[in-house]
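The structure appears right after this line, and notes come after that.
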Amino acid sequence: SPNSLPQLPEQSSSSSSSALFPSFPGSESQVYSAAESQDTVFADVAPLLTSLLDGYNVCIMAYGQTGSGKTYTMLGPQSEDDVTLSIEDELELGIIPRATEEVFRLISEKPSGSHWVEVSVVEVYNNEIFDLLAKDSCGRVFGVKRDVVTTKEVHSTIKFLQLVDKGLQLRVKHPTLVHAHSSRSHLVVTLTITMKAVSADSFASSPAQFESTEKLKHIKTKLQLVDLAGSECVGMSGVTGVALRETSFINRSLSALSDVLGAIAEQRSHIPYRNSKLTHLLQDSIGGNAKLLVMLCVSPCQKYVAESLQSLGFGTRARQVQRGQVKKRNLPVSSKSK
């Protein structure tokens, strides 16, 4: 993961640390030094993606203070003038493009036509959801505040990256004293995988939802890849005006996310998903029997030790979410002709 020295872009890949905090049975936390490559990090993430085809929803998110390397970890390097993803340097690609490539690789091993993928790209900005793939009446792509988001069917990683690039160009960014190109919104990229369910035995222990047609059953799973906006100390970032309002919404939504994870960890009867648009959007992939993996990005600077400890506290809370073993369920099978 990248460094978080003041005024360096979030995607710089020098010298900071990151930690992986999964919240599902049989998983272990991992810590990565500045010398670790993107390949090494993703090697520990990739096995989780097979759960998608087993019928589980999955969420992978990056958490940390502004400038600690979340966007580099999730997307890869981006220049100050060009936010688009580059596939020329594959070694530097982050979790989002790598995870999508792995999903398509897994699907390629299945019968042709049995799986298809749809993608949506949204940002949660000031506790409102903006669809970054929506188009205006002239066909131009622009962010639109809406409840029902645009989904696009994709058949390859390249097509997926093209759609994500459109969304990245619209993501809200403002400079702060900590980070010259600070993202002011939570980016949520969602891949919805639809599979033909041949028999009940195929997903006997799956928690996923089924959708019926007259002669066929389908199962849908969701992979949500999240580049969270950075947690901020106003005294450090020096923000005022609009940026100060943005910081307030960012910190409140991150606090709501922490509250949700705490409620799940304590197995409370009520989980406060609706306290924030972010947690409501992520409900399917952080609640129930979904599998959540949190990447913590931590600054090595002594001046940010309080923020680093706060990030580690969030990771500890996420690690306490133990879902236990999934109970076997009797799911419907596709109808057979007589």
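Counting begins at 1 with the first residue displayed.
Placed from the backbone N, Cα and C atoms, the Cβ positions cover glycine too.
Where the annotation comes from TrEMBL, it is an automatic prediction and has not been curated.
Feature annotations, courtesy of TrEMBL:
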type: REGION; residues: 1-22; note: region 'Disordered'
type: DOMAIN; residues: 1-321; note: domain 'Kinesin motor'
type: BINDING; residues: Gly64, Gln65, Thr66, Gly67, Ser68, Gly69, Lys70, Thr71; note: ATP binding site
Densest Cβ neighbourhood among Gln65, Thr66, Ser68, Thr71 (binding-site residues), 10 Å radius: Ser68
Other C-beta atoms that fall within 10 angstroms of the C-beta of Lys70 (ATP binding site): 31
Neighbouring C-beta atoms (10 Å sphere around the C-beta of Gly67 (ATP binding site)): 33
Other CB atoms, at most 10 A from the CB of Gly64 (ATP binding site): 32
